[in-house]
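Over in TrEMBL, the protein carries these features:
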- C1-C13: disulfide bond (DISULFID)
- 1-50: domain 'Laminin EGF-like' (DOMAIN)
- C3-C20: disulfide bond (DISULFID)
- C22-C31: disulfide bond (DISULFID)
- C34-C48: disulfide bond (DISULFID)
- 80-214: domain 'NTR' (DOMAIN)
Amino acid sequence: CDCHPIGASGKTCNQQTGQCPCKDGVVGITCNRCAKGYQQSRSHIAPCIKIPVVQMMATEEDDDGYPEEDPDSVATGDHCGKCKGATKRLNLNKYCKRDYAIMAKVLSEIENNDEHTKGWTRFMINVESIYKKSRDSRIRKGTMPMLVPNTDLNCKCPKIKTNRSYLFLGREKDDSPGGIATGSLGVTQRSIVIEWRDEWDQRMRRFRRRARKCK
């Protein structure tokens with residue numbers, strides 16, 4: 001047996017299937033990942049806890065989601081931590097710290113054969129509204145490709161589904177593969193991705209009017 005030292009409740013596995021005994025909320029033949037509806041905690045006793053109904057993906061309201069850290073230290077699907085972006089707690093400060101804010105519909109997932117973006121999943125999106133963008137931005141209304149790191153997608157940071165519309169806020173260059181500008185929009189766990197509701201339009205227009213207060 002190769003039972004996970006934290007996820008398994010014991011060291012003895014089923015001799016026929018090899019299945020280890022897992023703690024509550026833990027799955028996998030070796031008990032190495034959290035079950036659906038659970039997220040990783042820092043506790044060795046209860047390594048996986050239930051995700052709250054409204055999950056706040058950032059603990060600090062004014063956290064901009066872009067800490068100084070090694071970009072290669074992103075969690076894998078088996079060790080997903082808390083997402084760095086934020087969903088529900090969108091405020092003027094977070095709007096100010098992103099260089100673009102758009103509403104777009106995710107049309108489809110498309111094949112990614114580009115060696116420069118290996119490890120990223122490519123989607124085709126249709127940008128319907130642009131609330132904010134930088135002067136040198138490549139974002140335009142209409143269809144354009146979007147790239148999401150596979151590790152972030154596996155951790156549902158962000159959670160992306162096709163045929164759904166989302167509000168996207170991020171830093172166009174910082175979130176692109178390798179930190180360089182490409183013809184695709186890079187979206188990572190540091191981006192803010194919220195499933196679109198009509199009420200967001202009014203809020204984004206209000207933020208745009210108040211943007212002169214941005215520090």
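Yeah, the Cβs are placed from backbone N, Cα and C, and that goes for glycine too.
Within 10 Å of the C-beta of C13 (disulfide bond) we count 18 further C-beta atoms, all protein chains included.
The two recorded residues, C3 (disulfide bond) and C31 (disulfide bond), show a Cα separation of 6 Å. According to DSSP, the domain 'Laminin EGF-like' (1-50) comprises 0 helix, 12 strand, 38 coil. Inclusion criterion for the disulfide-bonded residues C13, C34, C48: a C-alpha placed within 10 angstroms of the C-alpha of C20 (disulfide bond); this criterion is met by C13. The average per-residue pLDDT of the prediction over the domain 'Laminin EGF-like' (1-50) is 87, rounded to a whole number. Taking the Cβ of C20 (disulfide bond) as centre and 10 Å as the limit, one finds 23 other Cβ atoms among all the protein chains shown. Packing around C48 (disulfide bond) is summarised by its Cβ count: 23 other Cβ atoms lie within 10 angstroms of its Cβ, all protein chains included. Neighbour counts of Cβ atoms within 10 Å were taken for the disulfide-bonded residues C1, C22, C31, C34; the minimum is at C1. According to DSSP, the secondary structure content of the domain 'NTR' (80-214) in residues is 31 helix, 45 strand, 59 coil.
C13 (disulfide bond) and C48 (disulfide bond) have their C-alpha atoms 20 Å apart, to the nearest angstrom. In this structure the C-alpha atoms belonging to C22 (disulfide bond) and C48 (disulfide bond) are separated by 11 Å. Counting every protein chain shown, the number of other Cβ atoms lying within 10 Å of the Cβ of C3 (disulfide bond) is 22. With respect to their backbone Cα atoms, C31 (disulfide bond) and C48 (disulfide bond) stand 11 Å from each other.
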